[in-house]
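Participant: Supplied in structure tokens, the structure appears directly below.
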Amino acid sequence: MKQELARIEQFLDALWLEKNLAENTLNAYRRDLSMMVEWLHHRGLTLATAQSDDLQALLAERLEGGYKATSSARLLSAVRRLFQYLYREKFREDDPSAHLASPKLPQRLPKDLSEAQVERLLQAPLIDQPLELRDKAMLEVLYATGLRVSELVGLTMSDISLRQGVVRVIGKGNKERLVPLGEEAVYWLETYLEHGRPWLLNGVSIDVLFPSQRAQQMTRQTFWHRIKHYAVLAGIDSEKLSPHVLRHAFATHLLNHGADLRVVQMLLGHSDLSTTQIYTHVATERLRQLHQQHHPRA
């Protein structure tokens, strides 16, 4: 089994070099594929001998055992990529994953905040404190640009141009995009850079735009805790929250105000338009609710 796990590490190294996948994705693949190797081992199977029926049985067992459909989809993606790699590297003469059936994924609408709720969230930080001034700037940038949290905390000083009012983002797959900041976000960035960031750095020289209290790069988890803190202050139900709550609000509110779907796709950094289209369902649902509330024949 050690050889099997070593082969998985070789595959993950190759995947990182070819696709530049995020560390979180690689770690998830490692967990899924290690579980698969153990599952095969208990049945007297290996990566060299497993057949399509065996892999389909694994996926079915995961689903029946309460595995979420999204987790099963990720497992399937990892399995397919692994066996494609093994076939390409001549370790196998076939690809048993080629005809595996995909689990049906329920279409989950993004958690959505109204414009009034977003406004309350943005007003929650106390701007006379350097730490909360940083958070205020981060929230404003997040809502103005629709960045992923990982993209936001990874920003450097060289990524922003306040004169041009844009931010350069390196997104998934190492793809670069330029996103407008808007006047409000530029104002709060200027204020933070003058009155907040120097206090946080306390003489330390780093290029990170939004450093932590220890003058290091902030983690996604830390910022998520900050968002929850301000949501409580703003009186927002925790069930409406997710780490990407302002990214979702950014997309939905743009569409509500008539933005073109492809423009929103470009701003979000989605490679596939279908990923962006889910936000149209949120916007349509909001219109349906308003119609029911206000139309005399609804």
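Cβ from N, Cα, C; glycine included.
According to Swiss-Prot, the feature domain 'Core-binding (CB)' maps to 2-87. The domain 'Tyr recombinase' feature in Swiss-Prot is assigned to 108-292. Summarising the annotation, Swiss-Prot assigns active site to ARG148, LYS172, HIS244, ARG247, HIS270. The feature active site, O-(3'-phospho-DNA)-tyrosine intermediate is assigned by Swiss-Prot to TYR279.
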Participant: Quick check on the domain 'Core-binding (CB)' (2-87): DSSP residue counts for helix, strand, coil, in that order please.
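Facilitator: DSSP composition of the domain 'Core-binding (CB)' (2-87): 70 helix, 0 strand, 16 coil.
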Participant: With every protein chain in view, how many other Cβ atoms are within 10 Å of the Cβ of HIS244 (active site)?
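Facilitator: If we count other Cβ atoms within 10 Å of HIS244 (active site), we arrive at 20.
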Participant: Quick check on the active-site residues: of ARG148, ARG247, whose CB has the lowest count of neighbouring CB atoms inside 10 Å?
Facilitator: ARG148
Participant: Considering every residue in the domain 'Tyr recombinase' (108-292), what is the mean pLDDT value?
Facilitator: 81
Participant: Would you mind reading off the Cα separation of ARG247 (active site) from ARG148 (active site), to the nearest angstrom?
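Facilitator: Here the two Cα atoms are 7 Å apart.
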Participant: Sort ARG148 (active site) into helix, strand or coil using the DSSP assignment.
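Facilitator: DSSP assigns ARG148 (active site) to coil.
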Participant: Fill in the CA-CA distance, HIS244 (active site) to ARG148 (active site), as an integer in Å.
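Facilitator: Cα of HIS244 (active site) to Cα of ARG148 (active site) measures 6 Å after rounding.
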